[in-house]
Amino acid sequence: MGASSSSALARLGLPAQARPRWLGVAVLGLAAVALGAVAWRRAWPRRRRRLQQVGTVAKLWIYPVKSCKGVPVSEAECTAMGLRSGNLRDRFLLVIKEDGHIVTARQEPRLVLVSITYENNCLIFKAPDMDQLVLPSKQPSSNKLHNCRIFGLDIKGRDCGNEAAQWFTNFLKTEVYRLVQFETNMKGRTSRKLLPTLDQNYQVAYPDCSPLLIMTDASLVDLNTRIEKKMKMENFRPNIVVTGCDAFEEDTWDELLIGSVEVKKIMACPRCILTTVDPDTGVIDRKEPLDTLKSYRLCDPSERELYKLSPLFGIYYSVEKIGSLRVGDPVYRMV
């Protein structure tokens, strides 16, 4: 040990031979302090965020088949790809043409009359004037894998068999259709391809563009004060309905905490002709509620490139933290 080092240790009251052990303890202590400081700084922004209650969960809906009836649930798991209750997953089933192109209530309005329930590990489909269709909740891996086309993007789907195909073909009575199922090992449609100008990074199966759609009952009440034929929430097909807030207050919500789930706003929901399909009759109107919504719910001119001339009603969200939620949960805005 050099003279300068020995004198420094002596000033601390330590013998020269204690240096290796003392320095090891000191280094470990400093490392622990540094790691603790980094962890604290990373956690600090989250701890600092204020929670402002903006409403309460009034309803939760899962739509097992795209464009078919929703299933109301009292609680649900919120996965990165949307709501789940047991083996019911949101929009993990899809009706397609023989060439793989998507079929929705925009083309076949009577799809909204098809209901789905889950019993004994089976999906049960019902529709007017049809015998019920019973399918296993998971399709055999030996079934054909289809290349499906949804709004210009490709995605896989496992065929649900000839019985399901015949059932939907007989019910819709226009052309041959097939039913396919998304599997969790398949690659979803990515946000980078769906909405390349936006920040979030997520995947969806067969929804239009997001894992979640949130609406408020106050906004529907407001619409119904302006329109002759009253609309139902089923016209708009949200996953989460919030009560206890003002009409269109949801326009101002960015990040929300619901139950143990954190979600982040993607964009407002631009509405299309599907909202004009009567959920009770399967008859398409093609005018309302779109005409009324266009009179007061168009986007700001600065956002015209994104939304075009579609009226905005409801908000699309991505799932930032998975968890569970239930009817009655408070909805907090994270500010």
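From the backbone N, Cα and C atoms, a Cβ is placed for every residue, glycine too.
As annotated by Swiss-Prot, transit peptide applies to 1-35, with the evidence given as sequence analysis. For Lys59, Lys138, Lys144, Lys156, Lys173, Lys187, Lys287, Lys294, the entry in Swiss-Prot reads ubiquitin cross-link, with the evidence type similarity to another entry. Per Swiss-Prot, N6-acetyllysine is recorded for Lys156. Taken from Swiss-Prot, the feature domain 'MOSC' covers 188-334, and the record attributes it to sequence analysis.
This view paints the features noted in Swiss-Prot onto the structure.
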residue: Lys59; record: ubiquitin cross-link; Cβ neighbours (10 Å): 18
residue: Lys138; record: ubiquitin cross-link; Cβ neighbours (10 Å): 12
residue: Lys144; record: ubiquitin cross-link; Cβ neighbours (10 Å): 12
residue: Lys156; record: ubiquitin cross-link; Cβ neighbours (10 Å): 18
residue: Lys173; record: ubiquitin cross-link; Cβ neighbours (10 Å): 8
residue: Lys187; record: ubiquitin cross-link; Cβ neighbours (10 Å): 10
residue: Lys287; record: ubiquitin cross-link; Cβ neighbours (10 Å): 11
residue: Lys294; record: ubiquitin cross-link; Cβ neighbours (10 Å): 13
### Message
Across the domain 'MOSC' (188-334), what does the mean pLDDT come to, as a whole number?
### Response
98
#### Entry: Rounded to the nearest Å - Cα separation of Lys287 (ubiquitin cross-link) and Lys138 (ubiquitin cross-link)
39
### Message
If you compare CA-to-CA distances from Lys144 (ubiquitin cross-link) to each of the recorded sites Lys59, Lys138, Lys156, Lys173, Lys294, which comes out shortest?
### Response
Lys156
### Query
Looking at the recorded sites Lys59, Lys138, Lys187, whose Cα is closest in space to that of Lys173 (ubiquitin cross-link)?
Lys138
### Task
List only the single closest residue to Lys156 (ubiquitin cross-link), chosen from the recorded sites Lys59, Lys138, Lys187 by CA-CA distance.
Lys187
### Message
Measuring Cα to Cα, how far is Lys187 (ubiquitin cross-link) from Lys138 (ubiquitin cross-link) in Å?
### Response
17
### Summary
Students should find that the Cα atoms of Lys59 (ubiquitin cross-link) and Lys294 (ubiquitin cross-link) sit apart, in Å rounded to an integer, by 26
